[in-house]
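**Q** Residues or ranges marked as GTP binding site by Swiss-Prot: Gly44, Ser45, Gly46, Lys47, Thr48, Thr49, Asn204, Lys205, Ile206, Asp207. The coiled coil annotation in Swiss-Prot covers 284-387. The compositional bias 'Low complexity' annotation in Swiss-Prot covers 1-13. For 325-342, the entry in Swiss-Prot reads compositional bias 'Basic and acidic residues'. Summarising the annotation, Swiss-Prot assigns compositional bias 'Acidic residues' to 343-380. Look at Swiss-Prot and you will find 1-30, 325-396 tagged as region 'Disordered'. Among the features that Swiss-Prot reports, site 'Stabilizes the phosphate intermediate' is placed at Asn103.
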Amino acid sequence: MSETTATSTTTTKTTDKDNVNNNNNNENKEEKQPINIIVLGMAGSGKTTLLQRIRAHLYENKIPGYIINLDPAVSKLPYTPNIDIRDTVNYKEVMKQFNLGPNGGIVTSLNLFSTKFDKVLEIVEKRSSSLDYIILDTPGQIEVFTWSASGTIITELMASSFPTVLVYVVDTPRTVDPTTFMSNMLYACSIMYKSKLPMVVAFNKIDITNHRFAEEWMSDFDSFQDALTNDPTYMGNLTRSLSLVLEEFYSTLQSVGVSAVDGSGIDEFFEKIGLAAQDYHKYYKADLEKIKKQKSDKEQAEANKNWEKLKRDLEESKGAKVEYDFKKEKKRENQEKTKNIYDDEEDDYRDDRDMEDSGEYESYEDEQEEGDYENEEERLEDQRAYESLMSSIKKI
């Protein structure tokens, strides 16, 4: 008997433990969200080629991903996106219809696409439970996306729904010059400051030029100053000052060297993406929840204020007599009657005019004259009868 009880107790504990594990697994499945990656970079930095390499890496490792192309002006893509802006907006037709140049055509195409981006978001959300990554390929003209209203709308919509990371692609061979390097870093800083999202700086084309010099400049202020020793111009002095200002900014960045050609650094790239996603949950999501709470509290406070005002009005009017202004009501009724009279007269006038135009009015008058004559004849007969009666009375 005791053995049976012990076995039952053990079985119960095991079952409870399994239920807890199953619940935890279910919670993890419900909480799982794909990481949204927005790829940015100057024209010629290799964004699209890098995205092709990322797509190949995901396919090779059987990692589910979802790619959205937001460049309406690209003629040919080296990969097949899941959603393509070109299927919705005809870039050349937009330029022709609105008489726009290349950049204006891209901005207008993005604006048109962003008006329906909530539908895109619905499609992505339906598949999100089976995805690990969502990747957005942006136009080559970086300012068209980062500084436009449509780019901001798309970024904020995605960031409010999924953990979002910005990837700023840098052309490494062109960054060996300290001034060019500083220009890239300033642009990355401005994007990060505007969006408040975590960022990964991807130094592309490391198969041509190694990126270690750039990481050293970011981590060691003195090494960057040494690189500027032979530049006595005002630009060199400005770059020195800016490097001191950006030193703290570098500490918030994740950086990695990659090659879109041979695939070097792709594994490390995804590691950095994971670290940046943690920063999203730690900072951006907390700020987002704070903003939502502030908005909700403000709306609740406004509702409470209106409710209190309504209660005060009800209390003040409680037991009060309602006075009816009969004079005002009578005046209103008289105005309505006067209006109706004028309306009737106007209708009669219109009817008379219509009858006169159609010839009916004349015949109507003739009928009236004949009616008057018959009445006069009857009157004369009555008069003669009365006179005859009076004569008879006098004779009597």
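The backbone N, Cα and C atoms fix where each Cβ goes, glycine too.
Help me see these features in their spatial surroundings.
**A** DSSP classifies Gly46 (GTP binding site) as coil under the three-state reduction. Counting every protein chain shown, the number of other Cβ atoms lying within 10 Å of the Cβ of Gly46 (GTP binding site) is 22.
According to DSSP, Asn103 (site 'Stabilizes the phosphate intermediate') sits within a helical segment.
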**Q** Grab the GTP binding residues from the record (Gly44, Ser45, Gly46, Lys47, Thr48, Thr49, Asn204, Lys205, Ile206, Asp207) and give me their largest CA-CA distance in Å.
**A** 17
**Q** Could you round the CA separation between Ile206 (GTP binding site) and Asn103 (site 'Stabilizes the phosphate intermediate') to a whole angstrom and send it over?
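**A** Distance between the two Cα atoms comes out at 30 Å.
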**Q** Between Asn103 (site 'Stabilizes the phosphate intermediate') and Thr48 (GTP binding site), how many Å separate their Cα atoms?
**A** 18
**Q** Look at the recorded positions Thr48, Asn103, Asn204 and tell me which residue has the greatest number of other C-beta atoms within 10 angstroms of its C-beta.
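**A** Ranked by Cβ atoms within 10 Å, first place goes to Asn204.
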**Q** Indicate the candidate from Gly44, Ile206 with the smallest number of other Cβ atoms within 10 Å of its Cβ, considering only these binding-site residues.
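**A** Checked Gly44, Ile206; of these binding-site residues, fewest Cβ neighbours within 10 Å: Gly44.
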